[in-house]
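All remarks here apply to the structure that follows.
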Amino acid sequence: MLHALDRKLLRDLWRLKAQALAISLVLACGVAIFMTGLGMVRALEVTLEDYYNRQHFAHVFASARRAPASLLRDVEAIDGVQTAEARVVGSVVLDLPGRAAPASGRVISLPDTGPALNVPLLVSGRFPSETAGDEVVVTDRFASANGYRPGDRFAAIADGKRLILTITGTVRSPEFIYTLPPGGLMPDDAGYAIMWMPETAAAGVFGMSGAFNDLSLKLRRDANQQAVIDRIDSLLEPWGGVGAHVRELQMSHAFMQAELDQLRSMSAVLPPILFGVTAFLVNMVLGRIVTLERSEIGLLKALGYRDSEIAMHYLMLATLVAALGVCLGWASGAWLSSGMSQLYARFFDFPWLVQPHAIDVFAIAGLIGLASAAIGALRAAWSAAALAPAVAMSPPAPPAFRRGFLDAVSGWLGLPQTAMMVLRGIVRWPLRAAFTSLGLSLGVAILVASNFMLDSLDAVIDTSFFKSNRQHATLILAHEQPLSAVADARHLPGVLAVEPQFDLPVTLSVGPREKKLAISARPLGGDLARTLDVEENPVPLPEQGVLLSAKLAAYLGVRPGDMVRVTLSGLREGEMVLPVAAVTQQYIGIGAYMRLDALAALLGEAPRVTSLNLWIDPNELSELEAALKSMPALATTVMLTDVRKSFQDTISENVRINTVLFLTISALITVGVAYNGARIQLSERARELASLRILGFTRAEVSTILLGETAVLALIAQPLGWLIGGWIAWAMMAGFDSDLYRIPLVLTAQNFASASLVTLTAVTAAALLVRRRLDRADLIAVLKTRE
Amino acid sequence: MSSTRATQEIPAFRTRGITKIYGGRGTAEVRALDGVDLDLPEGELVVLLGPSGSGKSTLLNIIGGLDHATSGEAWFRDQELTSMSDRQLTRYRRDNVGFVFQFYNLVASLTARENVALVTDVAPDPMRPEEALALVGLQERQDHFPAQMSGGEQQRVAIARAIAKRPGVLLCDEPTGALDSKTGTAVLAALEDVNTRFGTTTLVITHNAGIRKMAHRVIRFQDGRVVEIEENKTRIRAHEVTW
């Protein structure tokens, strides 16, 4: 049986339904995003750990040019190494039936005894038989994207040799949860294959009998990782080792961690904003209700209700609003999580994904949601409990307005009385006005941050593809070749221009800081792949010295004019100290650049080439693609036009999702704050406004007074929102800053203008809803009722 | 008119030197009650008369447990109200006091029956809300909301709410102040009925001197003091009260 006080609670809630819903939706948004973030982070973490453990994902990875198989025993003997596995890995060009453009692939050997580390997980078919020379298993995603089944065949060109390979099965691998093709920015399931081949066959294809070029290690728990890496480096150095690295630098794993970091920062920024706005709205609305219900509170006290019962009554009102928000949040959070899971399934290749909506995630999100409403309700509940019963029985004294600075200014400006009413209202409750403006500004800020992301990615595309890497295609060669390869390439059909590039694996160091990477050497006056200065103007390659990307220079702590130590790795030995000539702008990866002839002179050899950048006549593209399929010594081709297109497609799809998400959040916050604010003013000013109507003011004039305060606060909120949005954008930029990629801080006037346009529209909509109430209200009746 | 009031040794209310001072510290000091001594026997209907600001409501607030005195003592039967904490005063109100206010103070979002249930939900030995409403002649209107009732009906709901807990005392602050004479008479009849039927000590503040003839005892206030106490030898019935 419901108590009378509970009935009052339910009827009050029903009376407040529009305001309650506005608050609930803001809270629901917070709960949904929080639980999606937390749920997905946990699901990904648990999935990764589980997957890595089951498939024995390695801790340390290394590669070399060609190391003798006997070296593996020395590796296994290193203190701290639990398991070591040597493999042969090589790149191939694929000629896939029904595909004009050459695809590329990576071949990985399967040890005869079966892999002990990075074990592929069979999805369909079987593993190749040890003795077979033409059997492979491929990633399930490659097979699905091309419609291949076990038994299907395709051609691969390795080192100019054409092989016909038969697919015996499809697999997944913990090494390739996220796979980027060489030079690619987005996964390319159809055009890039990872395939596993029996050891003997792979060694035959790549000329690696009795040798290996890839090493994976699993370490014991107590192992000293750095000591193991140092030892591996020294063991592999004579064999063209280019430096061992830890799991954190493994491509797929690094992308997973970047995704996790993004999820964590999403859960750290948005939900607190939404929970904070919820607390503010509850505080504002409940504060007003307590003021309105002074006499009822007094009555309840006179009837013998305890302070705690009365406080609980108002806390329960907030709790019910929050409960509605939490339930809506749970539902939309579950929906959002499964949407995210599907999105992840598209980009990441997991055999399974742990359910993101665990019961404790629901519980934590729900508790935080309830707590934020309760915190907002505390002040009002406390003031209800603290009202002295006798005082509560008489109406509140009119708020104490005083003449002050404002009056002097308005007298000077000649402001009308109606404007004074608006301004005095703001000055009289400065804290409420400040929080209202802050709340509205958060709606603006979220849109600014969301717009920033688009502008920033546009800038990344513009810089990376239209200013820096302008070539249509890059041919990556299987081996170093003499400069004559440029002339050979120029004879390929459709090729209008060719520029060589020589990538030399090195370790750059300054004091204790070092970075393993390749110096890219290019010819002077190259017009396809260009280096840009920090203002994004082309910067010529220096006669002497090296250009470093800004991120790399910052990591090494050098500025133009400083010296860096360059230690050669791979098959070359030696060390040199070079001056940093300039710092360059680059958003994808990190880089070091030199002039091709200058580097050759330092090495004391004739200039050599590892890749070729091409400018292509689009009309002859198909002839070129056909020719590339049979080009000897080609490791892989990168069609930059395709890379750019897939990057843009992915971005524009994410943009759609993001725009809907952030627009919703921003609109909910803005409408929630503006609507509740205006409703409270309507409630506070009802008698004043009724009096003005009787004095002959028109509806429009009365509305101006009512909505004037909201309008003034909304206008103040705009620059504040730009500022906060700019700060969030800056924080996002800092959060994205990794060796893999980074984004520029691009804040445009259009960004600010569109954010303001959207939020001001939302404020107007909320204000009109309240104005409709004012128009319908029987103002004469308002005057007759005793407040 | 025969009286059912009990003649007991201990009065329902006893005050000694009750003083209430508002303001001070910079603002002008207002002495709302200035050393009031009173003995109000159990079961009486007492009318408090006096101009606005004479201290009637302040006294009612203090003996109703709504406010604290600045000095002096107030007793309800054998309980000293002036030494009670807020929590004890809440308990006292919950168990013993029924209030009727000039503006009814009904909760707008609750029906007549639910407004009465507000009290019966927390009182130790209440009657059923329907029973209390029947006592004031509103059994037919119990599912109406305050906005659907006349002023007189609303005030009778307020009386039903006050008596539903079977209070030891009924404190009424201008119960007919907002009513016309016809509905006012009906409200007075309800109060008289409660006083007669249950022997509930009833204090009524009023500006309407006509009501004084209903009372066992009439107390006049002026400037925070009791200036006259008059006992009625003969009382008139509620319907005989003229406005």
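Including glycine, each Cβ sits where the backbone N, Cα and C put it.
Sequence annotations record features per position, and here TrEMBL assigns domain 'ABC3 transporter permease C-terminal' to A:274-382, A:661-773. If you look up TrEMBL, you'll see A:20-41, A:269-290, A:311-337, A:357-378, A:433-454, A:660-678, A:711-732, A:752-770 marked as transmembrane segment.
Averaged across the domain 'ABC3 transporter permease C-terminal' (A:661-773), pLDDT for the predicted model comes to 87.
With a cut-off of 8 Å on Cβ pairs spaced 6 or more residues apart, the transmembrane segment (A:711-732) and the transmembrane segment (A:433-454) reach 3 or more such pairs and are scored as touching. For the transmembrane segment (A:752-770), same-chain residues at least 6 beyond its ends with a Cβ under 8 Å from one of its own Cβ atoms are 18, 440, 443-445, 447-448, 451, 663, 666-667, 670-671, 674-675, 678-679, 682, 706-707, 710-711, 714, 717-718, 721-722, 725. The highest tally of CB pairs under 8 A with the transmembrane segment (A:311-337), across A:20-41, A:357-378, A:433-454, A:660-678, is held by A:20-41.
Scored on C-beta pairs under 8 angstroms, the neighbour of the transmembrane segment (A:433-454) with the top count among A:20-41, A:269-290, A:357-378 is A:269-290. Proximity of distant same-chain residues to the transmembrane segment (A:20-41), defined by a Cβ-Cβ separation under 8 Å and at least 6 residues beyond the stretch ends, is recorded for 13, 260, 263-264, 266-267, 270-271, 273-275, 277-278, 281-282, 285, 320-322, 324-330, 332-333, 335-337, 340-341, 344, 356-358, 361-362, 364-366, 368-369, 372-373, 664-665, 668-669, 671-672, 675-676. Tertiary proximity for the transmembrane segment (A:660-678) is limited to same-chain residues at least six positions away from its ends with a CB under 8 Å from its CB atoms, namely 18-19, 22-23, 25-26, 29, 33, 270, 273-274, 277, 280-281, 284-285, 436, 439-440, 442-444, 446-447, 449-450, 706-707, 709-710, 713-714, 755, 758-759, 762-763, 765-767, 769-770.
DSSP states for the domain 'ABC3 transporter permease C-terminal' (A:661-773), grouped as helix (H, G, I), strand (E, B) and coil, give 97 helix, 1 strand, 15 coil.
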